[in-house]
Amino acid sequence: NNCPPDWLPMNGLCYKIFDELKAWEDAERFCRKYKPGCHLASFHQYGESLEIAEYISDYHKGQAEVWIGLWDKKKDFSWEWTDRSCTDYLTWDKNQPDHYQNKEFCVELVSLTGYRLWNDQVCGSKNAFLCQCKF
């Protein structure tokens, strides 16, 4: 585990919640600038979702939803991760994703679900965000 003290180590990667509110693209840009190879976080199994949810509940200072690295680049419900990893696991909140008013193409962790479930949201909304890095 080479993660810095305030990062969560999991499956060879390190995760950190940032409370500063940013639009989705700005959040992804922030993660990338933090260190080469960093992105908004991607998830590949239920266990990861639970561990991240617990970590965010413990460390997130605020009520904001939290951006992750999933987005619908083509705007056709074909969700992709910014780290180009395989979209092999999805855990949507009830009745989501819905592309509400054809404007929601970025994905957030929903605070009311304890950050366990996902919602598609307007990419320009300001949220906290979760970066994932290799150190």
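Cβ coordinates are placed from backbone N, Cα and C, and glycine is handled just like the others.
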Cys131: disulphide-bonded cysteine as recorded in Swiss-Prot, out of Cys3, Cys14, Cys31: Cys31
Selected from Cys14, Cys38: Swiss-Prot disulphide partner of Cys3: Cys14
Whichever of Cys86, Cys106 is disulfide-bonded to Cys123 when Swiss-Prot is consulted: Cys106
Neighbour tally for Gln96 (Ca(2+) binding site), based on other Cβ positions within 10 Å of its Cβ: 18
Listed recorded positions Cys14, Cys31, Cys38, Gln96, Asp98, filtered to Cα within 10 Å of Cys106 (disulfide bond): none
